[in-house]
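Q: Structure provided below as structure tokens; questions to follow.
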Amino acid sequence: MLKIGIIPNEDKDEELKYTRILVDSIKKCGGTAIVCDDIALKLGDKESNINEDNIVDMSDVMVCLGGDGTFLKAARMTVVKGKPLLGVNLGKLGFLADVDKNDIENAVKRLVEDKFTVDERMMLDTVIVRDGKIIAEDIVLNDVVISRGAISRILHLKTYINDAFMDLYPGDGLIISTPTGSTAYSLSAGGPLVEPDVDLIICTPICPHLLYSRSFITTADRVIKVVVAESSSHEAMVTVDGQNGYEVRGGDVIITKKSRIRMPMVRLNGKNFFDVLRGKIYDRGESMK
């Protein structure tokens, strides 16, 4: 019996409408739905005593309901346990979520019948070093964004690949992205689209004050080192997957490289990357008319 853990976003799932559909579908198909006690109580189950911290350990597969932000948050919970994650899209775009909210029942049936594949997505490890000491470290599915702080001043970032100086970027910052993250902030900043099953690292400047500055791509075995120039007297920010933020200052070093951990993502629909890309971008354009 397949045990399916559920991570809902209550802000996007009003009155837990789609979470209810998901739980009912799992039971109908002969699986076991696992939710934390707070959610279970709102669904009418007064006997559940499952702590949120234990859901991943108790599950074979995880399902989250929300947008890409919800998926990224859930991924941080599941990847360390090696559990595959499926996203149900309740947001507007949802590049990471594979299932439409109106197709939940069919998706559950495919899960229970073992009719799915698992993509192993490349991730990044990033550390922040100050005065020779690591002050923060994190794992990345989409991107690391080094950006100016609240004060609107140019940020100067010295960028190295394997300790070889690459360039000095004056501007609003720099995005270091995985192929999975190529459809996110990097794309908005003019970065390239990359198929998610390719292992490489993308670096995209944010509003660079240069005539020649463009994104660049390097192989996944390289180490990207970014030094916040000492002349940057104001603080800057390092944001990881839009989830965690760290303040940095002049002289701090951000080191990013390929992680040994890969993110297992459930795939059901069989569409290739370009089919999904065309559909998502086109649908959003149509909805804005």
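Heads up, the Cβ atoms here are built off N, Cα and C, so glycines get one too.
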Q: Arg153, Arg249: which one does Swiss-Prot list with Asp68, Gly69, Lys73, Asn142, Asp143, Asp172, Thr183, Ala184, Tyr185, Ser186, Leu187, Ser188, Gln243 for the NAD(+) site?
A: Arg153
Q: Counting Cβ atoms within 10 Å of each candidate's own Cβ, which of the recorded positions Asp68, Asp143, Asp172 comes out highest?
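A: Selected residue: Asp143.
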Q: Between Ala184 (NAD(+) binding site) and Asp68 (active site, proton acceptor), how many Å separate their Cα atoms?
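A: So the Cα of Asp68 (active site, proton acceptor) lies 10 Å away from that of Ala184 (NAD(+) binding site).
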Q: Between Asp143 (NAD(+) binding site) and Asp68 (active site, proton acceptor), what is the CA-CA distance rounded to a whole number of Å?
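A: For Asp143 (NAD(+) binding site) versus Asp68 (active site, proton acceptor), the Cα atoms are 13 Å apart.
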Q: Roughly how many Å separate the Cα of Ser188 (NAD(+) binding site) from that of Asp68 (active site, proton acceptor), to the nearest whole number?
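A: Spelling it out, the Cα of Ser188 (NAD(+) binding site) and the Cα of Asp68 (active site, proton acceptor) are 15 Å apart.
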Q: Just to verify a number: CA distance, Ser186 (NAD(+) binding site) to Asp68 (active site, proton acceptor), in angstrom, no decimals.
A: 15
Q: Least buried of the binding-site residues Ser186, Ser188, going by other Cβ atoms within 10 Å?
A: Ser188
